[in-house]
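To start, the structure under review is shown below, and the notes come after it.
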Amino acid sequence: MTRRAILKGTGSALPRTRVSNDELAKRVDTSDEWIVERTGIRFRHIAEPDETTGTLGADAAREALKAAGLDAADIGLIIVATATPDNTFPATATKIQAMLGAPDCIAFDVAAVCSGFLYALSVADSMLRTGAANHALVIGSETFSRILDWEDRATCVLFGDGAGAVVLSAEEVGDDRGILATRLHAEGQYCDMLYVDGGPSTTGTVGHVRMQGREVFRHAVTNLASVLGEVMADVGLPADAIDWIVPHQANKRIIDATAKKLGLPAERVVLTVDQHANTSAASVPLALDLAVRDGRIKRGDLVVLEAMGGGFTWGAAVLRV
Ligand code: ACO
């Protein structure tokens, strides 16, 4: 038996307001046809002023705690993956801790943009296995609508707001349960391909998302197929052992091309990009929660998570649910 991080519960939260491509086309020079054809996106949720990365993350966390049958008081570690924190500091994780009423625990944010949830999951896995905590909340939460340039049609149509959360618990289990492998990567020489043109230490402003879409697309397919190969090699299983792949939901074409490279049928891919657009660090836990709640992902399934984002950063995880 080995001490491993087990998935105990999932949760998610979306802002009240849902915006269709046609509604967006009234504000921006675009069309439903262009957005669907290039990205697969049909809707995105946009946060109202009272909805923040913190409030959405706390709502998702409450759902995950309920699903896990745990209280906030049981949690020893809270990690929030976000590129859109409520404040530059303190960490949104501490704000969510306060909103949940969780007592003294470890709480911090991780900034790896769209792959933030994979980074946070990997850190939580290590900390649980080495005994830093027994139960962890890992949250991906974003309000990208606040850092979009609504005049730039090449980026503003791609993103949405939302949050997803998981509860992980350390348990002594056999070798085929819980998080089995994680892999993380970063190549900072590509930091100009996808970035925000502001920050506390440079401009003193929040800034807006800037992206070289074609380059991002090309790197995403190559890097994601490669890291998926690495994690499957780590667990010693072929790609067709995967029951469900829960990819980062940036673009349906990236997801399809990656699945094709691995020879995975579309029926095993969880897809939410049509409904949520790209919610950055929230996209993987949001999609995971949806597929757990609608009964697709069941106990015993082999699930693979993957994401790629600004930096570039990317990563993947394999877990037996
Ligand atoms: N509506 C209508 N026309 C548009 C829009 C829009 N929203 N945006 C751009 N266009 C136009 C451009 O102006 C250009 O017109 P032109 O030919 O007259 O100059 C034309 O469409 C083609 O523009 P490209 O940028 O070359 O379009 P492309 O086919 O590359 O598609 C896209 C753009 C969808 C962004 C694509 O590059 C892509 O998906 N890249 C991946 C980016 C991504 O997913 N980023 C998310 C963050 S990273 C991550 O999460 C992995």
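These residue numbers are counts, starting from 1, taken along the chain as shown.
Cβ from N, Cα, C; glycine included.
For 108-188, the entry in TrEMBL reads domain 'Beta-ketoacyl-[acyl-carrier-protein] synthase III N-terminal'. Along the domain 'Beta-ketoacyl-[acyl-carrier-protein] synthase III N-terminal' (108-188), the predicted structure has mean pLDDT 97.
If you draw a 10 Å sphere around the CB of C114 (active site), it holds 33 other CB atoms from the protein chains shown. For C114 (among others), the entry in TrEMBL reads active site.
Annotation comment: TrEMBL describes 234-320 as domain 'Beta-ketoacyl-[acyl-carrier-protein] synthase III C-terminal'.
Summarising the annotation, TrEMBL assigns active site to H248 (among others). Under a cutoff of 8 A between CB atoms, and with a sequence separation of 6+ in the same chain, the neighbours of H248 (active site) are C114, S115, L224, N278, S283, V284, E306, A307, M308, G309. Secondary structure at H248 (active site), taken from DSSP and collapsed to helix, strand or coil, is coil.
According to TrEMBL, the feature region 'ACP-binding' maps to 249-253. When Cβ-Cβ distances below 8 Å are used as the criterion, the region 'ACP-binding' (249-253) is approached by residues 38-41, 114, 158, 217, 220, 271-274, 276-279, 283-284, 286-287, 308 of the same chain, each at least six residues removed from its ends.
N278 (active site): 23 other CB atoms within 10 A of its CB, across all protein chains. Per TrEMBL, the feature active site maps to N278 (among others).
According to DSSP, N278 (active site) is assigned to a strand segment.
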